[in-house]
Amino acid sequence: MDIYKFAISPLLFNVVKTDPEWLHQQTIRSFSWLSQTPTSWANQRLQKSLSLYDSHLEQKLFGLNFPNPVGLAAGFDKDGVAAGIWSNLGFGFAELGTVTFHAQPGNPRPRLFRLPLDKAALNRMGFNNLGAAAMATRLVQEKQESTNLIPIGINLGKSKVTPLEEAAQDYLDSFRLLKDLGDYFVVNVSSPNTPGLRSLQDASMLSAILNLLQQENTTHKPIFVKIAPDLDWVAIAEIISLAKTYNLAGIIATNTTIRRDGLKTQVINQTGKSPQEEAGGISGEPLRDRSTEVIRFIWQQTQGEIPIIGVGGIFSPEDAWEKITAGASLIQVYTGWIYEGPLMVRRILEGLLSKLEQNGFNSIREAVGLEIKSKK
């Protein structure tokens, strides 16, 4: 029996009603300690229990080797303090951040809320982090302490104090500090929790950012852009065009949504207000279908030429398979992992292997875009 899913999670979410941000802080501290003691008995037990290695799940994409397609989404390890632990928890890659050039406290608390009835979370964190320089220092130390077995991405955001017209330089300053320490990089212009940030998805604004980054990117690190689920098809098509123009490694689809339709939660206990009255982005199950629609659209528009990392509402092997067959080469989890617990990654990987066997596939790559291919 999965003790976390059936006992600990319901207790924390529905009975004790622990503050989600406090619980997250304690968890990341524990993971940070484990990350700094890579040969510990605890790490060995975690790896044995939670990891699954199978050549059918391996892929080489944009020059990087991924042992499996399930990654940790940005937002959990904002400062890269636990970068060395994620492979032991079964992940095939992990994305650190979002990190900004200037350290910043984020938005006032409370700013993170669980919506158990919807299997969702609402957050308005506001890119709280210690800054790019602090992350760089930590990752240099991490490289000395352990050898990462999985690709590590770094998600870059705009500092709140930086005016929108200076955003490109702000992203560039962070990239310069971190470019030798991450395996791939993500331009986050889609969080709803930094004033004006989503306007950077506009073609002219985004073009300026990508142009500066690629000029600096002499070692050809893979660069992605992460987009919002709330964009219309025309705006997404413009971003696809920019991805081709600036030779991006791919697109991450999607960030959290500002939509509130269909939610079962009437009142958030911490504030006494409805989700409709609270600012922030919704993640988890309510995002699942829309993020898959965006993945499908990108695949159809590009015929699979631009790799997609799919994220949003993944809780089960079926959810993961749906994202992959819609066109995602890789997937990321966060909210689902919080609800389902640490065994979720292994369960998804086992489920994907079963799907491959059922379809007579030798590699997970054969499943990417299968839904669209089969309709031709």
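Along the chain as shown, the residues are counted starting at 1.
Just so it is clear, glycine is given a Cβ too, placed from its N, Cα and C backbone atoms.
If you check Swiss-Prot, you get these features:
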type	residues	note
BINDING	Ala74, Gly75, Phe76, Asp77, Lys78, Thr98, Asn155, Asn188, Lys226, Thr254, Gly284, Gly313, Tyr334, Thr335	FMN binding site
BINDING	Lys78, Asn123, Arg124, Met125, Gly126, Phe127, Asn188, Asn193, Asn255, Thr256	substrate binding site
ACT_SITE	Ser191	active site, nucleophile
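Take Ala74, Gly75, Phe76, Asp77, Lys78, Thr98, Asn155, Asn188, Lys226, Thr254, Gly284, Gly313, Tyr334, Thr335, the residues named in the record as contacts for FMN: the widest Cα to Cα gap among them comes to 20 Å.
Note on proximity: among Gly126, Asn188, Asn255, the binding-site residues of the record, the Cα nearest Tyr334 (FMN binding site) is that of Asn255. Between the C-alpha atoms of Gly284 (FMN binding site) and Gly126 (substrate binding site), the distance comes to 18 Å. Just so you know, the Cβ of Gly126 (substrate binding site) picks up 22 other Cβ atoms within 10 Å once every protein chain is counted. Of the residues the record lists as binding substrate, namely Lys78, Asn123, Arg124, Met125, Gly126, Phe127, Asn188, Asn193, Asn255, Thr256, the two whose Cα atoms sit farthest apart are 16 Å from each other. Across the structure, Asn155 (FMN binding site) and Asn255 (substrate binding site) are spaced 12 Å apart at their Cα atoms. Contacts of Phe76 (FMN binding site) defined by a Cβ separation under 8 A and a same-chain sequence distance of 6+ are given as His24, Ile28, Tyr334, in order along the sequence. Same-chain residues that are not part of Lys78, Asn123, Arg124, Met125, Gly126, Phe127, Asn188, Asn193, Asn255, Thr256 yet have a Cβ within 8 Å of the Cβ center of the substrate site turn out to be Gly75, Thr98, Gly106, Ser191, Pro192, Thr194, Gly280, Gly281. Long-range neighbours of Lys226 (FMN binding site) (same chain, six or more residues apart, CB within less than 8 Å of its CB): Ala74, Asn155, Val186, Val187, Asn188, Val189, Ser190, Ile251, Ile252, Ala253, Thr254, Asn255.
Cβ-based crowding with a 10 Å cutoff singles out Asn188 as the top-ranked of the recorded positions Asn155, Asn188, Ser191. Here is what falls inside 10 Å of the CA of Ser191 (active site, nucleophile) among the binding-site residues Lys78, Arg124, Gly126: Arg124, Gly126. Counting only same-chain residues six or more apart in sequence, the Cβ atoms lying under 8 angstroms from the Cβ of Lys78 (FMN binding site) belong to Leu96, Gly97, Thr98, Val99, Asn128, Asn129.
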